[in-house]
Amino acid sequence: MEVQTTNKNNIEDENNDNKTDSPASFEEAISATGFGKYNYYLLFVICFPCLTNVFNNADLSFILSAAQCDLNLTLEDKGILNGVMFAGMVSSGLIWGFLCDAFGRKNILVYGYFTSGVFGLIAAMSANKNVLIAAKFLSGVVINGPFSASTAHIAEFHSTNYRSIVNTTRGIFLSLASLIMPVLAWAILPRTWNISVFGLFELHSWNFFLIVCSLTTVVSGIFYIFLPESPKYLMSTGRNKQALLVMQRVYALNTGKSGEEFPVRKLHEEVARRSLSGQITIKDTLIHELKEFKKIFHHPYLLSVALVVFNDFTLMSSVNTLKLWLPSIFQSVSDYKYIHNGTTSSVCDMLQMIQPQNVSTSTSETCIVAEDSLSVYVNTFIAAFTRILAFSISTPFVKWMGVKTLNICCCFLTTIFNVAIYFAYDETTITTLSSVGTAIGSVAGNLLLSLTLEMFPTTLRTIAISLHYTFGRAGTLMGNIIFPHLINAGCFPPFLFIGISSLGKKKRKFLNLVNIADILCCFYKLFFMLQLARWVHFCIPA
């Protein structure tokens, strides 16, 4: 009995020795939770936001051909539908960062995904293009918050040892989602479904495709109901006791031990300015965010911000525009081959099929939709897979060439491949050039994000990234609105636009003076885009 009592006392002493009364930082505390069941569950949950991210941005680009007769879509309507989601994102891009800091990650995730999902379902069941455009715009306004909050939420449950692995895994899920989408489109869109709903309206295959895409958003909101708030956010708002309880829960799930055995008893106070209640208020957060936002638009960061937003605007107006129009371009090639007994022609001839096709009868014209579209989904799948491959092989080139040099090379290569599409004469060449061009352009966009992170100190990076994404989405919106007008103006202008917009140069010494070449490059692109806009204005009839 004495031996057993002694052993029990020794175990209790060891447990007490493992615990410390000194305050632990967030990194020390989150490292102590380990990596186990809870982290794997988080990785499972993040699959659905990744699907939502890809599906929400690109779902309309897949239905343009299938829905053109039901919605009486013109070529200009297709451009608006491709860009309307990004219009919503741009309108709220700079607001959600503050809201995430003011109301917490979990609230934004749950209510944001549910609200966006509702708007997505309204869009999916719409019977006219105006309702579809309005619903997708509102979905874009709301979805911005959960997009960024989901990234922050999962990162703030992991220590620096696992954070990069988690981000890489999230990137893999996003890549897989881009592969799933053309497969899902192939499984649903070719079906001839015409289901009447209480005699009020009909649901077609493209409606069901949008419904499935919207359900991933709703499912994401459901999963986040059962997850706790980020402990990092709780600590940053002065709620250390709640943060400690969350970490104890994570520790218990990961190790199978009791939460009381968590080795950290007290957390470091991260809050410098407090209200009388001991917590950061929404007013405190707003004042702090406004001060940081004001700082980034003054010396020495103003020129850096100008370069970031302009380069991302022009690059995304090229890469994302072509990426979103690829299903329609592939569909026009498929339609041309179908009408001309499997033969192909120049890209200019085949691109004429991108206009809605009508068949004249004795009394009227009937809109037709091609049903033989397997090659469209195969080619889109190839383009998505090529982007994954490009990201995979870019890592050693980053180490060898450096981020800036590789980014410059990627921009010029993207220009070459995009412009070269104009000279293509068969489906294989068009698929190869467009796939490689969008893949290299996507790598360039990712490298530009890395450059943005290096240009600003830690305290300003969140705002800089918000500006980066906002202007990138604005470029995507502008590109999709202009692209159909350029197609109407002629064959070469659209490919010249998506090619020249990819050109860019980024500076090496980020916090020093901007070199002349950077400024000249920006003015060159601005001058070209203004000239192109004037040319389109005079060439396109009103």
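Placement of Cβ uses the backbone N, Cα and C atoms for every residue, glycine included.
The region 'Disordered' feature in TrEMBL is assigned to 1-23.
Using a Cβ-Cβ cut-off under 8 Å and counting only residues 6 or more beyond its ends in the same chain, the transmembrane segment (38-55) has close neighbours at 113, 143, 146-147, 150, 154, 157-158, 162, 166, 169-170, 173-174, 176-178, 180-181, 213-214, 216-217, 219-220, 223-224, 227, 249-250, 253-254. The feature transmembrane segment is assigned by TrEMBL to 38-55 (among others).
Residues or ranges marked as domain 'Major facilitator superfamily (MFS) profile' in TrEMBL: 42-533.
As annotated by TrEMBL, transmembrane segment applies to 80-99 (among others).
Feature annotation from TrEMBL assigns transmembrane segment to 108-127 (among others). Distant neighbours of the transmembrane segment (108-127): 49, 52, 56, 70, 96, 99-100, 135-136, 138-139, 142-143, 145-146, 149-150, 153, 197, 201-203, 207-208, 210-211, 213-215, 217-218, 220-221, 224-225; these residues of the same chain sit at least 6 beyond its ends, with a Cβ under 8 Å from one of its Cβ atoms.
The transmembrane segment annotation in TrEMBL covers 133-155 (among others).
The transmembrane segment annotation in TrEMBL covers 167-188 (among others). Beyond the transmembrane segment (167-188), the same-chain residues lying 6 or more positions past its ends with a Cβ under 8 Å from any Cβ of the stretch are 43, 46-47, 50-51, 53-55, 58-59, 62, 151, 154-155, 205, 208-209, 212-213, 327, 373-374, 377-378, 380-381, 384-385, 387-388, 391.
Residues of the same chain lying 6 or more positions beyond the ends of the transmembrane segment (208-227) and with a Cβ under 8 Å from any Cβ of it are 42, 45, 48-49, 51-52, 55-56, 59-60, 62-63, 66, 106, 109-114, 116-118, 120-121, 123-125, 143, 146, 150, 153, 184-185, 188-189, 191, 193. Taken from TrEMBL, the feature transmembrane segment applies to 208-227 (among others).
Feature annotation from TrEMBL assigns transmembrane segment to 374-393 (among others).
Within its own chain, the transmembrane segment (405-425) has Cβ neighbours under 8 Å at 315, 318-319, 322, 344-348, 394, 397-398, 433-434, 436-437, 440-441, 443-444, 447-448, 451, 491-492, 495-496, 498-500, 502-506, counting only residues six or more beyond its boundaries. The annotation transmembrane segment is assigned in TrEMBL to 405-425 (among others).
Annotation comment: TrEMBL describes 477-498 (among others) as transmembrane segment. Away from its own ends, the transmembrane segment (477-498) comes close to residues 75-76, 78-80, 82-83, 86-87, 90, 313, 316-322, 324-325, 347-348, 351, 354, 418-419, 421-422, 532-533, 535-536, 539-540 of its chain (Cβ-Cβ under 8 Å, at least six residues beyond either end).
Among the features that TrEMBL reports, transmembrane segment is placed at 510-528 (among others).
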Same-chain residue ranges lying at least 6 outside the transmembrane segment (80-99) that approach it to Cβ under 8 Å
56-57, 60-61, 64, 73, 108, 129, 132-133, 136-145, 148-149, 285-286, 289, 293, 320-321, 324-325, 462-463, 466-467, 469-470, 473-474, 476-481
